[in-house]
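K.L.:
If you look up TrEMBL, you'll see 168-190, 202-224, 244-268, 289-312, 609-628, 648-668, 674-694, 706-731 marked as transmembrane segment. Here TrEMBL flags 342-396, 408-465, 474-531 as domain 'MIR'.
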């Protein structure tokens, strides 16, 4: 196909397969090229012709038609596999119990806590809003969906995020220099993997995570494609698309940080290479840094923070997640009991004290005594609200306060006070007796009965650390907004929560000590959470505003703490969990629902052709890369430098993406599941297509296409063979015993 311009020059169409693995910077995107044929006319005539008789050539080249057909086929196939029989089961499946419920919290505007960032869960909530869901269904595992809950649309909404994976894999491979045939294979492998398909068909977060991950690597591939054309419009487009993708993927799940690591390493390497170019000027080099900082740091961070702002805005009612946040945040939630209480603390007030360290809870005591040491009453940290968390703030022994309805004596910064446990009337006490777990610190105990046994070791000085209210000229100790330390007057130590849990004799509650070193970290900081004093009026809401950034940081810290607490129980056999060693070889599948003979059953298992061949490709490609690196180090250059450099870049993106999304799980102490491997699998499937083409570059074009076609057909056939596990089956699992290819696959229960 030819198109003639006004100079009479001719432009040849791109040859089929011209975008091969040897291409460097070839623009192989699907686009229409419209060139007017009236450019040689006079301006006036040109305007008339454009208005009435303009003729355009909008035809596509052969390569572009091929790409368009491939993408349409992949999209239709992905749509069919993701949506087919999506309402097969009318029961809550697997983690729909969690994420469907989290979506309902957004519908009800009720604050909750979870380990994941909010974006994907807010999208689940959006799907529920679009169905008219009223938020009343509780999403209990295995529960039947009522008629008024449109679970099919909710699942379809999620499945919509699974559809783009295949076409985005196709364009990613094109941008990295692969031929259309190899790109088609990569997209097809992603499309017909049973595990990637299954995970997209339920109300879960993984389809969104995978979609945003694929967006990130697609954007990175576009940035790679235009790496030699910096500061052009396409380069800027891909750069900022990369930043937006990073913001989305990290806001869906923290696993998205692996994509940040991949793109960060790529960017650092690219800037390192650019620094070594003699023609590079420092001003231009500084510009490279500046635009990357803006696009790849500022943009993602802004998106991440804004997602939490929307999260807080939507969840304005008190709910099950209150206790994970600080007292001041809780006081700003609608329906919170912390709203209507006095602000300034007076002598005689009944209070509770919360540690600044999230998860350590409130200062607590009970009638049980320490089994050794002083054998006095235990002082602990307790996370639940309880009457044994109540303390009365009083003056030191020998001093009285004269509160009346007209005059009240307030507690100020620097005052020396006593804290008397409301339930047992024991004084908060410390002495030169070693603590029970933190042996370098002093024990804190409950001693005496109010003033019946006066002891100077009951005295503590209030030291204000931070005042979150702008209006406090009298330096009063205040509810919620004052952060302070309690220094023991005699031992000169600080009341501290250690983060350790006491043994069963203290009900495994948090250890409280008196820090002899006088540490000034957050473990020694406290705030007053609840305050009861009938002589005082309620606080002005203006004094109880919780700064957004402070709440943002606190929530992320709580998420990290909860995530780290998800450790496997070594004494419990859990058939749902798996280890990173199991994933590349597909050693285990995962039952995600009840397994009765008449139940609709789903088994989360990958396509063996995709998983096993991609794992082989990763292993072979890694060894081959090391082999050629050693040979080049010895001066043996089998591959021309430009082609070798391109191979390093592409391998760094695909093989590096697999490694960064897989290997960190070996270092994690938390419990792991099969679906944690899915982002790494996405990279491995694309790398398989790439490495086949790389190693068949000397083969005839027909032979290469036959090889790619054979693998693609095998993957499709395997998908169809394992389709009952993906789309659901309601007959006994023993009828599928022929599909048990490994002895470790728990398709059916073994007879006893």
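Using the three backbone atoms N, Cα and C, a Cβ is placed for every residue, glycine included.
What's the neighbourhood like for these features in this structure?
P.N.:
For the transmembrane segment (202-224), same-chain residues at least 6 beyond its ends with a Cβ under 8 Å from one of its own Cβ atoms are 93-96, 99-100, 103, 116, 119-121, 123-124, 127, 151, 154-155, 158-159, 161-162, 164-165, 168-169, 171-173, 175-176, 196, 234-235, 237-239, 241-242, 244-246, 248-249, 252-253, 255-256, 259, 262-263, 266, 592, 649-650, 653, 657, 661, 675, 678-679, 682-683.
The list of residues near the transmembrane segment (244-268) in space but at least 6 beyond its ends in sequence, with Cβ under 8 angstroms from a Cβ of it, reads 115-120, 205, 208-209, 212-213, 215-220, 224, 292, 296, 299-304, 307, 559, 563, 652-653, 656-657, 660-661, 664, 676, 679.
Below 8 angstroms of C-beta separation, residues 117-119, 122, 231, 236, 239-240, 242-244, 246-248, 250-251, 260, 263-264, 267, 271, 548, 551-552, 555-556 of the same chain, each at least six residues beyond the ends of the transmembrane segment (289-312), sit close to that stretch.
For the domain 'MIR' (342-396), the mean pLDDT of the prediction comes to 95.
The list of residues near the transmembrane segment (674-694) in space but at least 6 beyond its ends in sequence, with Cβ under 8 angstroms from a Cβ of it, reads 21, 165, 169, 172-173, 176, 178-179, 181-183, 185-186, 189-190, 193, 195-196, 199, 206, 209-210, 213-214, 217, 255, 258-259, 578, 580, 582-584, 588-590, 604, 606, 610-611, 613-615, 617-618, 620-621, 624, 647, 650-651, 654-655, 657-658, 661-662, 665, 704, 707-708, 711.
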K.L.:
Using a threshold of three or more Cβ pairs below 8 Å, and leaving out pairs closer than 6 in sequence, do the transmembrane segment (706-731) and the transmembrane segment (648-668) count as in contact?
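P.N.:
Not in contact, no.
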K.L.:
What are the DSSP helix, strand and coil residue counts for the domain 'MIR' (474-531)?
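P.N.:
Residue counts in helix, strand and coil order: 6 helix, 30 strand, 22 coil.
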K.L.:
What same-chain residues lie close to the transmembrane segment (609-628): Cβ under 8 Å, and 6 or more beyond its ends?
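P.N.:
For the transmembrane segment (609-628), the list is 189, 192-193, 195, 584-586, 638-639, 644, 647-648, 651, 655, 658, 681, 684-685, 687-688, 691-692, 695, 711, 714-715, 718.
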